[in-house]
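*Asks:* Starting off with a structure, shown below.
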Amino acid sequence: MGAGERAAGGGGAQDPGAGCGSRALSALCLLLSVGSAAACLLLGAQAAALHGRVAALEQERELLRHAGPSGALAAWAETHLERLLREKLDGVAKLRTVREAPSECICPPGPPGRRGKPGRRGDPGPPGQSGRDGYPGPLGLDGKPGLPGPKGEKGTPGDFGPRGAQGQDGVAGPPGPPGPPGARGPPGDTGKDGPRGAQGPAGPRGEPGQDGEMGPKGPPGPKGEPGIPGKKGDDGMANQPGLPGPPGPKGEPGDVGPRGENGVDGIPGLKGEPGHPGVDGATGPRGAPGLKGEQGDTVVIDYDGRILDALKGPPGPQGAPGPPGIPGAKGELGLPGAPGIDGEKGPKGPKGDPGEPGPAGPKGETGEMGLSGLPGADGPKGEKGESASDHLQESLAQIIVEPGPPGPPGPPGPMGLQGIQGPKGLDGAKGEKGTSGERGPHGLPGPVGPPGLIGLPGTKGEKGRPGEPGLDGFPGPRGEKGDRSERGEKGERGVPGRKGVKGQKGEPGPPGLDQPCPVGPDGLPVPGCWHK
């Protein structure tokens, strides 16, 4: 076998695969060609149909254009009328003249059917003929007033009239408002003393005063009853000597002694009765009349009912403190004041009066020698003795050597100095409560103190009330009558007023005419026609 034959055998083995691929490709191309041809035919048919419809529409439009509007309207109306007539005939009840039934039916005729529904409303009919003219109506109402005319020209001024008679004085005008405050006038004369003021309230309780000086010794008291002998007290400590005793009776004038010390001031005497009031002084001379004030304004201002406040001027500056006044007269006895606050505890008072003698106790044992008793009462005046030094020595010798019987208790001496507190004694029986003493007289008024320092400026006071209206001033002189003024221009026409209230209904008019009256050129009946 040669090489050519092998090549031919190899080519025959590969042909079946290549043939299948070419056949599939050819079939696909054929399907696409058939689809495209069908689509072209479908589009051509649709385009032909659309073209025919457009041609028909154009032809119909041309026919309508050539037929004109009246023919088209008549054709449209004819079709609608036929349709409406057909609907109307269908709604009308149909009467059967001959019974439409087969010959073999022997049934009686049935009842007539019910009435049908009303048909549609028909088209409006043609307008009727115009009637004859009516009778003329009654007279109309008055027309509205016309617009105001233009302003007239200015008239010529009239002649001056005769001079009028002198008029009477007019009524005095109302009081004018208060004028400005005038200058401060000279100080007036001293006025009369005013009436005595009412009793003032009781003043506050004064502070306790300083201890006064020792007063003079009082008169000797009555002889006291002998007291109960007390227990022996402890020996006291040496203290300052006591105050001198009361002076004895006046003796014979002795030799001129040295000058004594100044005496103690006495207790102030009682307040004297108030004096009679003095006689009123004579009235001073009348001052010169002031200058005539200016004419006040006649405008009345109410000031909200506070005229007194309106007349008051603004408060002036604070004045300097005045000189101290004269001490006033003593007032009447005031009412007893309220009980004051309890004061501080005072110093220990003097020893009280001796109590009543108790029952006699058993005789005690002889005690030791007691203290020397108080000096006895003054004896009768003796004769003029010898010199004071010798008499004093003999008196002392008698007292020491020959002790006499104890004399009656003398008057209580002045309070001694504060001694050392002794042991606490036994409480005595409680005495009865004494009656309250009478109220002492009021002391004399003290001297007037020096004027105090100027106080701080006070706060601004409230607004004063308006003052009362002043008295009517004297009417001024009547002025001369002025010249007659020229006639003023004519005023403009006023604005028309509002529409008035509707009037009552008028009475019925006369009966109308049986036949028409001729009408004049103004549209109204000829005068005299309706009187016939």
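For all residues, glycine too, the Cβ spot is worked out from N, Cα and C.
What you see is a predicted model, and the numbers here were worked out from it, not measured in a lab.
Annotated compositional bias 'Low complexity' per Swiss-Prot: 129-145, 196-207, in sequence order. According to Swiss-Prot, the feature compositional bias 'Basic and acidic residues' maps to 342-354, 380-393, 427-441, 478-495. Per Swiss-Prot, domain 'Collagen-like 1' is recorded for 108-166. Annotation comment: Swiss-Prot describes 173-232 as domain 'Collagen-like 2'. Taken from Swiss-Prot, the feature domain 'Collagen-like 3' covers 240-298. Look at Swiss-Prot and you will find 313-372 tagged as domain 'Collagen-like 4'. As annotated by Swiss-Prot, domain 'Collagen-like 5' applies to 404-452. Positions annotated as domain 'Collagen-like 6' by Swiss-Prot: 455-514. Positions annotated as region 'Disordered' by Swiss-Prot: 102-296, 308-532. According to Swiss-Prot, the feature topological domain 'Cytoplasmic' maps to 1-23, an assignment based on sequence analysis.
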*Asks:* Quick check on the domain 'Collagen-like 6' (455-514): DSSP residue counts for helix, strand, coil, in that order please.
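*Replies:* When I sort the residues of the domain 'Collagen-like 6' (455-514) into the three classes, I find 0 helix, 1 strand, 59 coil.
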*Asks:* Which residues of the same chain, at least 6 past either end of the compositional bias 'Basic and acidic residues' (478-495), have a Cβ under 8 Å from a Cβ in it?
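*Replies:* Result: 148-149, 151-152, 154-155, 157-158, 160-161, 163-164, 166-167, 169.
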*Asks:* With DSSP as the yardstick, break the compositional bias 'Low complexity' (196-207) down into helix, strand and coil residue counts.
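*Replies:* Helix, strand and coil residues of the compositional bias 'Low complexity' (196-207) number 0 helix, 0 strand, 12 coil.
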*Asks:* Quick check on the domain 'Collagen-like 1' (108-166): DSSP residue counts for helix, strand, coil, in that order please.
*Replies:* 0 helix, 0 strand, 59 coil
